[in-house]
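Engineer: The following feature annotations were taken from TrEMBL:
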type     : residues                                           : note
ACT_SITE : His9                                               : active site, tele-phosphohistidine intermediate
ACT_SITE : Glu82                                              : active site, proton donor/acceptor
BINDING  : 8-15, 21-22, Arg58, Arg60, 82-85, 104-105, 151-152 : substrate binding site
SITE     : His150                                             : site 'Transition state stabilizer'
Amino acid sequence: MLQVYLVRHGETRWNAERRIQGQSDSPLTAKGEQQAVQVGERVRTYGITHVIASDLGRTRRTAEIIADACGCGVTLDARLRELDMGVLEQRHLDSLTPEEEEWRRLVVNGTPDGRIPQGESMQELSERMHAALAACLDLPSGSRPLLVSHGIALGCLVSTILGLPAHAERRLRLRNCSISRVDYQESLWLAPGWVVETAGDISHLDTPALDELQR
Ligand SMILES: O=C(O)[C@@H](CO)OP(=O)(O)O
C-alpha cells in the first residue's frame, strides 16, 4: 500500500492579510516557518523518502524545512500549484466589487467550468492534481512521498477522491501546515484505488494560523 502525505504550506504574509495568492506568491511569516518546523518534527520518523512541492516560493520554503528534518531532498512539480485565480490574484478578499465577487462565486459554487477571468477552472485543477498524485505510483516500491501544496488544490484532490465535486473543497478546512494522508490500495472492502486516511490534521501545531477563509 502506498501512503502519500499531503501538507499545505505554512502561513504566509498574504494569508494573514486576507489577500488572494493563487499562483502569485508571498513569503512565509515567522509563524509559517515555525509551523513547517513542527510538521518536520512530526513526520521525521514516518520514513518519508521524497518531498515533492509545488514550485511556488511558499511551498518550496515549507518543503525545504520538512525535507531537512526527514533527511531527503525536494523535487518540484508545477502541477501542485494553487488554483490560478487570474485577475483576482493579489487582491484583498474584502475589497472585491460585486462583479468580482460574482466571478469568485462561479468557482466556489461549482458552476461548470466556472473560472475567474484569466484563471483556471476547478476541473483543470482537479486533473493536474490527480496527475501529480498518480505520478507517486511510479516511484520505487517502498517509497513514502510527502507532497507540499495549497489549500484549494489539496482540498480539491481530497474531495474528488471521496467522489465529491471539486468545489466541495470549500467544506473542508485545510489550515496552513495541516497534514492529510491518502493511500493507494487494492481492497476487497474499501473502494480500490485512492482512499482518504485523514484530512486536515493540525495536532502537531501549537499555534495554528487563523485560516484566511475562516476569519
Ligand atoms: O491562494 C490563496 O490565497 C490560498 C487560497 O486557499 O491558497 P494557499 O494559501 O493555500 O496557497
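Each residue, glycine too, has its Cβ placed from N, Cα and C.
Describe the structural context of each listed feature in the structure shown, including burial, neighbouring residues and relevant distances.
Structural biologist: Around His9 (active site, tele-phosphohistidine intermediate), the same-chain residues six or more apart in sequence whose CB sits under 8 Å from its CB are Leu28, Gly32, Ala36, Ser54, Arg58, Thr59, Arg61, Thr62, Val148, Ser149, His150, Asn176, Cys177, listed in sequence order.
Glu82 (active site, proton donor/acceptor) falls outside any helix or strand according to DSSP and counts as coil.
In three-state terms derived from DSSP, Gly151 (substrate binding site) belongs to a helical segment.
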Engineer: Which recorded positions of Glu11, Gly22, Glu82, His150, Gly151 contact ligand 1 in the sense of C-beta under 6 Å?
Structural biologist: Gly22, Glu82, His150, Gly151
Engineer: Please report the DSSP secondary structure of Arg8 (substrate binding site), reduced to three states.
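Structural biologist: DSSP assigns Arg8 (substrate binding site) to strand.
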